[in-house]
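Colleague: Sequence annotations record features per position, and here Swiss-Prot assigns pyridoxal 5'-phosphate binding site to 127, 128, 235, 255, 257, 295 based on experimental evidence. Summarising the annotation, Swiss-Prot assigns N6-(pyridoxal phosphate)lysine to 258 and lists experimental evidence as the type of evidence. According to Swiss-Prot, the Zn(2+) binding site annotation covers 381. Positions annotated as [2Fe-2S] cluster binding site by Swiss-Prot: 381. Feature annotation from Swiss-Prot assigns cysteine persulfide to 381; the stated evidence is a curator's inference. Residues or ranges marked as active site, cysteine persulfide intermediate in Swiss-Prot: 381.
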């Protein structure tokens, strides 16, 4: 009691200490291009430097990289950041019981979204860890009998790197090519399965081009051949309907910050019946049924659960709205600009992820010109590289077009005005950059660029 009283006095003292009055919280504030960032949103050193000037907040159109935290999710998390701070694994007092109850409620919310049993949900730090557990965990557990895995050339980097790591351990991995649409050939998948294949890993929605793989068909093939099926559903959960039983999915990776939840938390679904055995990657206290040791962060899993519940309630509405905005963006850009290519299959496609290539324009130059809009040229995990996207190369995109691609992300909080502004600025800067391009000038003069023999100096 004395310690608690002292803590309260210290908190009051800090609150009452003289100094500048703190700025009002900015939660829920939508900033648009041209707005000045609130003083509380400016770093202290920037705010103190008069030569820096006003700070502009660009429009956010990069929801494949991450999504903003839904205010309803934050409301659910706050009590577990402030009052209910017990360790959910401490089962001898009320603090632990409160946190454990919240953790299990979140587990139920995640399971409900994908049609799973709550006991099949294991909390992790995010989709990268979930993918590592699924791929390495299954491969290593069954290594005595099965040493072959199958994945695709367009998977997320953490899946590809996990497979390469297993190859260094002596496993054999088949990397299936994709068609120009970005979708795998199911006949090639069937032909690739061997008697010693333990796992097939195919992502649900591609993070760069938004293509949806035929997950239910893949699940049926794997089930009939008695091979476990894992899907990285980070870009799909909460955005399109998924049912792990109907689709015969054995393992699924989920990310919190891709569905308007907090960063640093995710989950992996691991089927119980028939049971999928996984070798744990880390040692410790045996939390999460021994599959993922470490104290579960209650506020984060509460946020993940709340995000899943909101997504389940609003999925149909969000999808219709995002589809309309996506159609608006694509049509308005393509009717105003020639030589624009949409990458990936337009029919089997999640509408919130649009990847366009603007011929005769360098993607990095266009990104720099569109400084008022937060966009990406591809995956946030590989966008620091100047190499063309391996996903675009895999679908047969010419290197020049691959270098000219921009990914537009439309999400729950994207407005029609933001889409129109992005379209307007995109058209303006593509036209300006093309006017500066000698290649564009040659094309306008009717010269076939492929007929030119370039020489090095």
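Using N, Cα and C of the backbone, Cβ positions are placed for all residues, glycine too.
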Colleague: Listed pyridoxal 5'-phosphate-binding residues 127, 128, 235, 255, 257, 295 - what's their greatest C-alpha to C-alpha distance in Å?
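Modeller: Greatest Cα separation within the listed binding residues comes to 26 Å.
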Colleague: How many Å separate the Cα atoms of residue 295 (pyridoxal 5'-phosphate binding site) and residue 258 (N6-(pyridoxal phosphate)lysine)?
Modeller: 23
Colleague: I'm trying to understand the geometry here, so how far is the Cα atom of residue 235 (pyridoxal 5'-phosphate binding site) from the Cα atom of residue 258 (N6-(pyridoxal phosphate)lysine), in Å to the nearest whole number?
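Modeller: Between the alpha carbons of residue 235 (pyridoxal 5'-phosphate binding site) and residue 258 (N6-(pyridoxal phosphate)lysine) there are 7 Å.
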Colleague: Could you check the recorded positions 257, 258 and say which one's CB has the most other CB atoms within 10 Å?
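Modeller: The residue with the densest Cβ neighbourhood is 258.
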Colleague: Rounded to the nearest Å, what's the C-alpha distance separating residue 127 (pyridoxal 5'-phosphate binding site) and residue 258 (N6-(pyridoxal phosphate)lysine)? Just drop the number here, would you?
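Modeller: So the alpha carbons of residue 127 (pyridoxal 5'-phosphate binding site) and residue 258 (N6-(pyridoxal phosphate)lysine) sit roughly 10 Å from each other.
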Colleague: Per DSSP, to which secondary structure element type does residue 255 (pyridoxal 5'-phosphate binding site) belong, with helix, strand and coil as the options?
Modeller: strand
Colleague: Measure the Cβ-based neighbour count of residue 235 (pyridoxal 5'-phosphate binding site), defined as the other Cβ atoms within 10 Å of its Cβ.
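Modeller: Its Cβ has 26 other Cβ atoms within 10 Å.
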Colleague: Across all the protein chains here, work out how many other Cβ atoms are within 10 Å of the Cβ of residue 295 (pyridoxal 5'-phosphate binding site).
Modeller: 13
Colleague: Under 8 Å Cβ-Cβ from residue 128 (pyridoxal 5'-phosphate binding site), six or more apart in the same chain: what's there?
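Modeller: For residue 128 (pyridoxal 5'-phosphate binding site), the qualifying residues are 158, 266.
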Colleague: Which residues, sitting 6 or more apart from residue 255 (pyridoxal 5'-phosphate binding site) on the same chain, put a CB under 8 Å from its CB?
Modeller: 126, 127, 130, 234, 237, 266
